[in-house]
Each structure stands twice: as C-alpha cells, then as structure tokens.
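First the structure, which I've put down as structure tokens, then a few questions once you've had a look.
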Amino acid sequence: MASSAHSDSASADASAEIPAEILAPAPWSTPADDSEHLRITAVRTFLTAPQGCPYVIVRVETNQPGLYGLGCASDPQRTLAIRSVVDDYYAPMLLGRDPSDIEDLHRLLFNSGYWRGGSIGQNALAGVDVALWDIKGKVAGLPLHQLLGGRAREAADAYTHVDGDNAGEIAEKVLAAHERGYRHVRVQVSVPGTDTYGTAPRDAAEARRRELRAGSWDSLAYLRHVPPVLREIRERVGTGVELLHDAHERLTPSQARELVHEVEDARLFFLEDALAPEDAAHFDQLRAAGSVPLAVGELYHDVMMYLPLLQRQVIDFARIRIPTLGGLTPTRKLVAAVELFGARTAPHGPGDVSPVGMAANLGLDLSSPAFGVQEAATFREATREVFPGTPVPERGRFHGTGLPGLGVDFDEAAARKYPVPEPLRHDRWALLRNGDGSVQRP
C-alpha cells in the first residue's frame with residue numbers, strides 16, 4: 001500500500017533552509033534573510049483515502065510557528081502526477097516567498113510550465129492556491145467568505161443524491177431527503193441492461209461487473225427509459241422539492257436535444273452535463289430545444305471555457321470544480337462573470353472533493369450573489385476524523401463555521417490509517433464501452 005503522507009519528498013527536504021536568493025523575486029519583495037517577514041518554509045503533500053477515493057492534500061508551511069494553510073489538489077484519476085507537480089516543480093519555486101502575494105504566486109506558477117493548463121497542472125496549482133488563501137484568512141482572523149467580500153446569504157442550499165430502479169422507489173427517497181431538510185435532490189435512474197451512471201449496483205455480481213467494466217452503455221435504452229421515470233417522479237413528489245438529473249456527458253448532441261424535449265414536464269431545477277466539453281458548440285441548439293435549465297462545467301479545466309457559453313446565455317448554471325480550475329484565485333473571477341451574465345453557480349462537491357475543497361466551495365457560496373446550489377457529499381466518519389471541522393449540512397444547508405481561513409484542519413496521523421491503494425487504478429471506472437465495443441465517455 002502507498003504511504004498516506006508524502007512528507008519525505010524532495011520538496012520537504014529542500015525546505016530545510018530558505019534559499020538565500022529567491023529566483024526572480026517580485027520587485028516589492030523584502031530580502032530573503034529578513035527573518036521577521038512572513039515566508040513560506042515548506043510545501044508538503046499528503047495522500048490519503050478515508051472516503052475511498054484518493055485525496056491529494058497540500059500543506060504550505062510558514063516561518064510563523066503553527067501558521068500553515070491547506071489546499072485540495074484531488075483528481076482521483078491522476079493522483080501521483082499531481083503530487084509530483086507540487087513536490088518537484090511548485091514547491092522549490094515557493095520557498096522563501098511571501099504567502100500573502102497570492103495573485104502574483106498564482107501567475108508565477110501557472111506560467112512556469114509554459115505549456116499551460118490541463119487538469120494535472122491546474123489541480124496541483126489549486127492545492128497551493130487554496131492553501132495560500134487559508135493562510136491569509138488565518139493571518140487576518142477572518143473566515144474565507146469574509147475575505148471574498150462578506151456574506152451574501154445566511155446559508156448555502158445543498159443538494160443530495162438519490163437513485164433507484166423505478167419512480168416509486170426514487171420518489172420515496174426524494175421525499176425522505178426532503179424530510180431531512182433538503183430542498184434540492186439529484187435523481188438518477190437505473191436503466192435495465194446498461195451500466196448507468198450515478199446508481200448503486202443491485203447486487204455483488206453487478207458491483208463486480210461495474211468494477212471490471214464488464215457491462216456496456218446503451219444511449220437509446222437510456223432515452224427510452226429515463227424521461228418517463230423522471231416525469232412520474234415529479235408527479236409523485238409534487239412541486240415542493242427541486243429535482244436535478246445528470247446525463248454525465250454520455251449523449252450525442254442530437255440525443256441531448258431529444259432528452260431536453262422529453263424531460264420538460266419533469267420541471268427539473270437543472271439538467272447536468274447533457275453535452276461533453278468537446279460538444280460545447282452545440283449548446284445553442286440545446287437551448288433552442290426546450291426551456292430546461294442547463295448546467296455544465298465540472299470537467300472544465302480553464303475558466304475561459306465558460307465564457308462563450310455565458311456570453312451566449314446558453315447555460316443557466318456553472319458547475320465549478322475549484323481544484324480543476326486552478327484554485328480560488330481564478331474561480332472567484334469566474335464567479336463574478338457568472339453573476340454579470342445572469343447565470344448561477346453550482347459547485348462540484350461529491351466524495352472526490354475533500355473537506356478542504358468543500359470548505360473552499362463554501363467561501364464562494366456564502367459570498368457570491370450568483371450562488372445557486374452546492375452539491376453535498378456524505379462524508380464518512382473516517383473522513384471527518386482525518387479532517388477536523390469537515391463541513392456538514394444542517395437541514396440541507398451549509399452555514400459555515402466562522403473560523404479563520406477555511407476552518408478545516410488535517411490530522412496527519414489519522415490520514416496514515418487510510419492509505420491510498422498501490423498501484424492506483426481509480427481510472428478503471430472510465431473504461432466504459434458501447435454495445436458495439438466502441439469507447440464511451442464515462
């Protein structure tokens with residue numbers, strides 16, 4: 001098994017002494033030997049899997065005793081590559097620098113690779129960036145949402161997930177979630193004979209088939225089966241609860257248009273990822289196909305990918321994943337654009353985003369007028385042990401803790417109890433194929 005903490009990395013060793021000279025320091029920087037000025041003394045990465053999927057946690061340490069920041073750099077499919085970028089490339093550039101110059105450091109690291117962007121570099125950058133915001137909040141004695149402008153709302157509405165085989169079963173789960181306080185519920189429907197996203201396996205045999213990706217995907221079966229079930233769920237639960245559905249980028253543009261037309265009467269709060277990023281040019285046609293609110297973006301790795309869609313007003317919700325977008329520094333600018341173009345945010349927050357990442361989401365949720373709804377993972381007891389202060393919704397809403405910075409800590413000793421598997425094979429979930437044997441998007 002792989003070690004859960006990678007603190008013996010080259011970055012940690014190299015941080016034993018702050019370099020006498022900082023490579024290309026900012027012109028306003030104080031001398032590196034000024035011991036009274038706040039400095040970055042170490043950048044450490046940790047791997048842990050208390051939720052079942054691998055987390056990459058970044059800790060930026062300073063020369064002020066006890067002052068450090070945490071960031072989430074988690075992409076379950078490229079865990080080791082992300083850790084390497086932080087340890088081998090970003091950490092040496094950060095040693096000795098002032099952690100308060102977040103914008104400058106973000107641009108420095110982003111441009112350092114020359115061939116910029118992509119999920120690996122962006123997740124690594126996000127881990128550092130969010131940790132710097134955490135430090136800034138702790139120095140100021142303010143929670144993240146106060147650094148970002150202060151509260152725009154008392155609490156952030158969350159949505160939870162339910163699934164099932166039929167409308168009756170799913171409707172019961174929706175109403176049960178509503179009883180627990182959730183006003184927004186994502187509903188996923190099992191399609192007989194096909195490997196359906198977002199639904200639990202019926203038995204151990206099906207679970208094993210899914211693990212090996214021995215099943216296949218059938219878009220036509222999905223289109224025949226799911227819309228009438230969604231319409232019936234709406235009839236059963238009434239209009240007092242919002243319903244969401246995720247197509248998970250598995251449809252062609254023409255199939256997506258058909259889906260939009262067929263689910264009109266289900267009155268969805270939003271339909272997520274009806275189109276893959278590669279098919280974004282078709283959103284104009286999708287918008288014309290019906291009035292169903294459209295959400296997209298969890299796969300986007302650059303905030304500029306949203307801009308044409310916002311400008312053309314063809315999406316209603318930006319599904320933001322802070323780690324994949326490079327951290328809070330670019331994401332807060334995207335959130336401002338979302339507001340200006342009249343859309344709303346719906347940040348990504350399932351189990352592959354750590355509690356550190358969720359706390360970063362909440363900083364934006366509580367401070368932005370453009371906030372729509374926050375996806376909410378059910379964090380395990382083990383996860384809450386590793387991350388003291390893990391955000392947990394109360395009656396379907398996140399309130400924030402009011403603690404300085406992110407308000408979440410990291411227990412290194414507890415993290416070691418939940419190592420990531422070795423070798424990592426988390427990307428096997430994406431080995432989905434169509435009935436004819438061709439590769440299908442996950």
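Each residue, glycine too, has its Cβ placed from N, Cα and C.
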Suppose a student reads Swiss-Prot and sees GLU272, GLU298 listed for Mg(2+). Which of ASP246, ASP284, ASP316 should they find annotated at that same site?
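Looking at ASP246, ASP284, ASP316, the one Swiss-Prot places in the Mg(2+) site next to GLU272, GLU298 is ASP246.
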Among GLU375, GLU381, GLU385, which residue shares the substrate site with HIS161, GLU298, ARG319, HIS348, ASP352 according to Swiss-Prot?
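So the substrate site in Swiss-Prot includes HIS161, GLU298, ARG319, HIS348, ASP352 plus, from the candidates GLU375, GLU381, GLU385, GLU375.
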Which chain-mates of HIS348 (substrate binding site) that are at least 6 residues away have a CB under 8 A from its CB, listed by sequence?
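Long-range Cβ contacts: GLY297, GLU298, ARG319, ILE320, ARG321, ILE322, ASN361, GLU375.
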